[in-house]
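Features as listed in TrEMBL:
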- 12-32: transmembrane segment (TRANSMEM)
- 52-73: transmembrane segment (TRANSMEM)
- 85-104: transmembrane segment (TRANSMEM)
- 124-142: transmembrane segment (TRANSMEM)
- 149-167: transmembrane segment (TRANSMEM)
- 187-206: transmembrane segment (TRANSMEM)
Amino acid sequence: MSLSSRFFNRQIGNPFSLSLSWVNLFFGVWSYQEELKLELPTQLQKAGQGQFFTNVSLWITIAYFSLNILIHLFEVQRLEKFRGYLNAVALSLESIVTTLYWGFILTCKHLIVSGPGIPLTLDLAIHLLPFVSLSLEYFCFLKRWPVTYTHALVIMYTLVIAYWFWLKYLLQADSLYPYPILDVDTSSRVLTFALVGVLLFLSFCLNKYFHSVIVKVSHDTKKTV
């Protein structure tokens, strides 16, 4: 088997996928520990780091790579479908985290950042590395997601609603929301959350579509070699 065939092997036991998972598990845990050392602005301290959508996504990413390590090491075939679902959720979330975060940073930083910000290395570790790694994992090492579009729509809006109530649980009556863009009246906040749900679903659709394109191109390339 050629190196290319071994790299793009979409079966359980791929050493490249396992190595990627170890690296990302390390950086995921490290970056969250570093975040815990940072002092939040006074108005955000009560709710802690768990209030940030970025960190909720990071937890799911860490869970995915932890599961992936177990599946590869112990060849747990029965969890392969669940792994596909979890990858779909994690990559959809991290796609939106990366796109929205860097988009706002470059255009309207004041809408998502309260305070001085964080060191660049940590910034890249939590706002870019998870997206890049999950994309590499999906497009190179996994089969197409087993998640239907209907199920994906339900899952994405369930996540959005869960985050809404998670914030309600964490925030005190006098607390500000973790992102300034959410410190608006309730109807505007509902609209923002609804839009995030749409973006999550679109992210799922685009990633699933491009997976088919990339796999087709790679197969066509192999035939011509």
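Note: Cβ is positioned from N, Cα and C throughout, glycine not excepted.
Bear in mind that TrEMBL entries carry predicted annotations, made automatically and left uncurated.
Ranked by number of Cβ pairs under 8 Å to the transmembrane segment (187-206), the listed stretches 12-32, 52-73, 85-104, 149-167 are led by 149-167. Pairs of Cβ atoms less than 8 Å apart link the transmembrane segment (52-73) most often to 12-32, out of 12-32, 85-104, 149-167. Distant neighbours of the transmembrane segment (85-104): 53-54, 56-57, 60-61, 63-64, 67, 111-113, 127-128, 130-131, 134-135, 137-138, 142, 145-147, 152, 155-156, 159, 181, 196, 199-201, 203-204, 206-208; these residues of the same chain sit at least 6 beyond its ends, with a Cβ under 8 Å from one of its Cβ atoms. Beyond its flanks by at least six residues, the transmembrane segment (12-32) meets 6, 49, 55, 58-59, 61-62, 65-66, 68-69, 71-73, 75-77, 80, 122, 125-126, 129-130, 133, 136-137, 140-142 of its own chain at Cβ-Cβ distances under 8 Å.
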